[in-house]
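Taken straight from TrEMBL:
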- Cys91, Cys96, Cys124, Cys128: [2Fe-2S] cluster binding site (BINDING)
Amino acid sequence: MNKTTGTARNYPSSPQQKATVRAVLDARSQQPGALLPILHDIQDQLGYIPADVVADIAEALNVSRAEVHGVITYYHHFRSEPAQGAVVQVCRAEACQSCGSEALWEHASKSAAGHNVTLEPVYCLGLCATAPAVQIRDKFHARVTPTKFDRLLAQLKEAA
């Protein structure tokens, strides 16, 4: 389910993705509290958690598919569909809000349209002292203004 639009799409996993998931499950399924580490590993390796592997995860951990799905949808970090282009995360936590992240989010929502990016809200990047913060392709940017955000998008476009 796309958390921004509320629409569900089906992105079936490929045989290679299934093999990746199987390797993660083989490595982690016997560990206590394995669900979150498994989900992180799958997302780190595939970029998202395909809906058709939820049953495999549930079976490996002896939990319900509803429990696995519930964890995936509860945490904003997890994606159930591939990101479109670079992932751009704008911090929406309190420290960033007090330094203008609401206006930055509104600007980013408009500016990102037309760029090949997936814009996501995130709730604390851990850069509270240098708010507002943005993360682009796993690189952190501090004290981001709308003007700086536009420069970062332009750099991203040039690098593509």
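Each position is counted from 1, following the chain as shown.
Glycine residues also receive a Cβ, built from the backbone N, Cα and C atoms like all the rest.
Where the annotation comes from TrEMBL, it is an automatic prediction and has not been curated.
Taking the features listed in TrEMBL, we show where each one sits on the structure.
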residue	record	Cβ neighbours (10 Å)
Cys91	[2Fe-2S] cluster binding site	27
Cys96	[2Fe-2S] cluster binding site	26
Cys124	[2Fe-2S] cluster binding site	14
Cys128	[2Fe-2S] cluster binding site	16
Beyond the site residues Cys91, Cys96, Cys124, Cys128: chain residues whose C-beta lies within 8 Å of the centroid, for [2Fe-2S] cluster: Arg92, Ala93, Glu94, Ala95, Ser101, Tyr123, Leu125, Gly126, Leu127, Ala131, Pro132, Ala133
DSSP-derived structure type at Cys124 ([2Fe-2S] cluster binding site), helix or strand or else coil: coil
